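Database features, via TrEMBL:
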- 4-77: repeat 'Solcar' (REPEAT)
- 6-27: transmembrane segment (TRANSMEM)
- 48-69: transmembrane segment (TRANSMEM)
- 86-168: repeat 'Solcar' (REPEAT)
- 177-265: repeat 'Solcar' (REPEAT)
- 237-259: transmembrane segment (TRANSMEM)
Amino acid sequence: MDRPGFTASLVAGGVAGVSVDLILFPLDTIKTRLQSSQGFHKAGGFHGIYAGVASAAIGSFPNAAAFFITYEYVKWFLHTDSSSYTMPVKHMLAASAGEVVACLIRVPSEVVKQRAQVSAASRTFQIFSNILYQEGIRGLYRGYKSTVLREIPFSLVQFPLWESLKALWSWRQDRVVDPWQSAVCGAFAGGFAAVVTTPLDVAKTRIMLAKASSSTASGDVLSALHGVWRTQGLSGLFAGVFPRVAAISLGGFIFLGAYDQTHSLLLELGKESP
């Protein structure tokens, strides 16, 4: 990847990530509380809806930037003809690699954020300090495996679908899609991916919020899913699906639209500069 392309992916991904995380934070809080084992109302209900926003704000730019740098680099490294039937595979591999790298930043931010969301009376820094004191660095990465296991299937659905929808729309109108059209494709792709991966999201939330001494805290995704199924059934596995789909559909619209818009703008600026 050339320098302008690398820089454009870094900045565009970061701008898109911050935009989504801050605009849609209340929906994320509602989803987390619905998925919490203590129940929506005991977890805070509709009160303190911005609890944990500081953690999201700090982590969103580097997290999104890391994803898109990796995503674009792997696409470039695996370059194939645009008409090749291997294009969806390339997008899947690029998205998966992006998620593995981004989760190194996302998981500590997510652990602190989610605990703040269900403990609105506690400050973000206090929660961060308590995790380090009681569990060490490992505590900040509790749920890394479950997050990757959620994000990779999500990306395997979302990004090839997004790229395919953009390609189809471009073919139908005989020109490259506009940013708003890319955003519409992103909303549809994100919403569909959100539905099918909600059980994995529930497992991730339970693992991150579990007490350190509990069996759920070990990070066993299948065990967490089984526990939810045993106590709450299918409705428990899909807890929070509506705010999750709403947030990710709107997030896909903003995130992927803002990414394409910023990426195109920065590449144009790069061409104009000497």
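Glycine is no exception: its Cβ is also placed from the backbone N, Cα and C atoms.
The structure displayed is predicted, hence computed values, not measured ones.
With DSSP states grouped into helix (H, G, I), strand (E, B) and coil, the repeat 'Solcar' (86-168) comes out at 72 helix, 0 strand, 11 coil. Confidence for the repeat 'Solcar' (177-265), expressed as mean pLDDT, is 87.
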